[in-house]
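Novice: Just lifted these from Swiss-Prot, have a look:
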DOMAIN    29-213  domain 'EngB-type G'
BINDING   37-44, 64-68, 91-94, 158-161, 192-194  GTP binding site
BINDING   44, 66  Mg(2+) binding site
């Protein structure tokens, strides 16, 4: 099968680098999508479920563990010349950890804002919202930051297996209504469960469409 026809989520992904500051960013090339969310929103678990690899993104019970931009790409590309992966997933540091020192929070904010504002290959940020708690104040702050940076973002509800199934459509509608007037928000809200696998194909398809890849299965 030609490289361009490889299914996006049908073969292994690998971690390629952690980025503690902008000087460590890989050269701009393939399209990128980033995942953002509060500490312990289930970000690493969702990325692992998305690509079907339990140990790809590190999961931790310690909030605020991820302090770098972590890059993941489909395996099988050398990265040399034109042999580049079709896209990259960027796992952003979790925010909103109450015990994080102010210096750490300030560093996170600067790294993230500089990345968001200056990365031409970034096509969309998926902002994860815990379905049990809804949009919190620190989520609102991040959405405002994304609006100011003029970066397209889409909200994704996580852990929907933790709430009653009939409540999910109502929560989706309420969440969509809350972001309706935000200039950079994509209007459709997605719902997922890493535990049960619910909504993962919808998210895979959304990512593939965002980066312009037809063959994602």
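Note: Cβ is positioned from N, Cα and C throughout, glycine not excepted.
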Novice: Give, as a single whole number between 0 and 100, the mean pLDDT over the domain 'EngB-type G' (29-213).
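Specialist: A mean pLDDT of 91 is what the predicted model shows over the domain 'EngB-type G' (29-213).
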Novice: Translate the DSSP assignment of residue 68 (GTP binding site) into the three-state scheme.
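Specialist: Once the DSSP labels are grouped into three classes, residue 68 (GTP binding site) ends up as coil.
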Novice: Reduce the DSSP letter at residue 37 (GTP binding site) to three states and note it down.
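Specialist: Looking at the DSSP assignment, residue 37 (GTP binding site) belongs to a strand.
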Novice: Please report how many Å separate the Cα atom of residue 93 (GTP binding site) from that of residue 44 (Mg(2+) binding site), as a whole number.
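Specialist: Approximately 10 Å lies between the Cα of residue 93 (GTP binding site) and that of residue 44 (Mg(2+) binding site).
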